[in-house]
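Colleague: Dropping a structure here in structure tokens format, bear with me for questions.
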Amino acid sequence: MPKRVDSCRGKCLRCNRHILYGFCNTSFQLYDFRVNCSRWVSTKRHVGLSSLKGNKPWLWLGKHLLHVGYSRSIIFPVSLSMAEISTHSKGEEQTIENVSPQQIRNFCIIAHIDHGKSTLADRLLQLTNTVSNRDMKEQFLDSMDLERERGITIKLQTARMSYTAADGKQYILNLIDTPGHVDFSYEVSRSLVACEGAILVVDASQGVEAQTLANVYLASESGLEIIPVLNKVDLPSAEPLRVKQEIEQMIGLDTSDCLEISAKTGKNVEKVLEYIVEYIPPPKDRSDAPLRALIFDSYYDSYRGVIVYFRIFDGILETGRKIRFMNSQKDFETVEIGVLAPHQVSVARLGPGEVGYLVAGIKTVQDARVGDTITLASQPAHSPLAGYKEAKPMVFCGLYPADADQFEDLREALERLKLNDSALSYEPESSSAMGFGFRCGFLGLLHMEIVCERLSREYGLDLVTTSPSVGYYVHLEKKSPLLIQNPCELPEPHLIDHIEEPYVRLEIITPSEFVGSLMELTQSRRGIFQDMKYITATRTSLIYELPLAELVTNFFDLVKSRSRGYASMEYHWSGYRVGDLVKLEVAVNGEKVDALCNIVHRDKAYSIARALTERLKELIPRQQFRIPVQGMIGSRVIASEHIPALRKDVLAKCYGGDISRKKKLLKKQAEGKKKMKAIGKVDVPQEAFRAMLSLKQTDD
């Protein structure tokens, strides 16, 4: 009996009766189902393939004649969709290889977080029969468990769809689903370069949000055709007319023929496909030019090495050809190329405008960088494609393995993760309290959380992270400025002339009733007011210049809390400003713990030091002697707590007698504690460092 057989129903061409038969996903053969013996029996007695009406292949299954499909000696029932066939027949060439660029449409879906991007992608996959109803699941393109658990898109995903439009022509639609959170805007920018158009999804009940504007600006800079779509019109709170006005006023797009859809129910989703074909321009036909393909994503496979996702702009790529990465100048022979439908399906050749994947036996992650250009080694292109701007990390923290023996495992995991997440940066560092680890740079706090979670889940690492910090420019007297990413590296105060800290331009879009509370919050975080715009009678936009260090703590949570979840925010880099900053250090039993060092504003140093020392008092286990925990600026102690000593009752055995005996025992105990305190060393447990991350900054 085959390992996996799917039951199918088919109509016999002779007796016109519906019969039950099976399709084996291992041998790709049809099987006759005998009810009386309850087993699958192979019918290797098929007469052979021939043509019937419409050139449809057929074969005999027992006494019945069935329509079947045939490709490279693989037999499959016609009731299965092409998506299922490409899924079952791994590596079979089920795609159209000679597609004219005029029949290709490359587009992405952009929107604010939770406005329905992934749900719309699901409906498009279903309508084009790319994924069958049986295999369909919510957030189909979100492949990581983290994405499904959090309900957000973290990695860009691609899918190739075949669609027959109203004009009767068949089109290839290459979809790229993008993240919506501000921390993953770099993923969005990479997606836009591989497309000619974008579908802008706006929630009909919430309207234009902050990240909606940011994504539109990115798409406009890339010269993409933008199609606005109103989603969730089936909600009782939907206000399509108001949201259309917001789109016209804030974005400047014409909404006279804007589609109103419900990705959840499927209402008007098919019209989206027609709009894609009609309004998004096809890629340019440059098949005669030397090959140039842009790498927009990649990941590491344990068996096949580095797998590259690319978009061809010029020329043709074929299997077996020798290729060259223009930046690294490394040559490789293509073992396999293919498309994502949405699973990997290999083909022999791909032309201009196609989006696909490449396997070439690449073993080192440095050889296939995102943004590099692929060309042919025999006919190289004269110049590479523009590529991408290098992502600039905004938040830094230290990552240390809980087990020192896992240091090399952490290094290898970071190398492989960086291949899949090019916005991640890291460099080795050491700490007296934590040992050897890495100082890592991230685009934001959510990005940091996701990376740490992926290292834990995908690579089985137990990690300890330090408090997040930002990069500062420290100007020394009569010396060039230093870029400090680790607070421990800050020079002594008498050597510093001034310190510059990074600022961001922050935009908060909120219902007007929460404006006062949010302005109070922003100003308490040293925000500098820039502008306030009234979008509509009920919605307001607040624009501030804010220190990045104030943003990377719990600012986003407080914005959501004070606005009851209705406000949204977006920020981008503004520059550096001079700040009154000091290095806050923590000393335990007279020894400074470098992993707890932080750079803070002078006005908030006392409150932060007080909170730190009080929390450490609870976390550090008691010893046989009294332990002082001090918050310090330079040599000056600004906050102090003491962990009381464990008391051993040395008088327990003295149940009477002379008092001098008791005094002698107490004096001996005191001398022992004094000696222990002088030579004793207090180890701060790793649980204390983990718990420090949950310490929230107090609001003024």
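Glycine is no exception: its Cβ is also placed from the backbone N, Cα and C atoms.
Taken from TrEMBL, the feature GTP binding site covers 111-118, 177-181, 231-234. Under the heading domain 'Tr-type G', TrEMBL lists 102-284.
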Colleague: Return the residue, from the listed binding-site residues ALA111, VAL233, with the maximum count of other C-beta atoms within 10 angstroms of its C-beta.
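Modeller: Top count of Cβ atoms within 10 Å goes to ALA111.
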Colleague: Find the average pLDDT over the domain 'Tr-type G' (102-284) in the predicted model and report it.
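Modeller: Average per-residue pLDDT within the domain 'Tr-type G' (102-284): 81.
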Colleague: If you draw a 10 Å sphere around the Cβ of THR178 (GTP binding site), how many other Cβ atoms fall inside it, taking every protein chain shown into account?
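Modeller: So the number of other Cβ atoms within 10 Å of THR178 (GTP binding site) is 27.
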Colleague: Within a 10 Å radius of its Cβ, which of these binding-site residues (ASP114, LYS117) has the fewest neighbouring Cβ atoms?
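Modeller: Lowest Cβ count within 10 Å among the binding-site residues (ASP114, LYS117) is ASP114.
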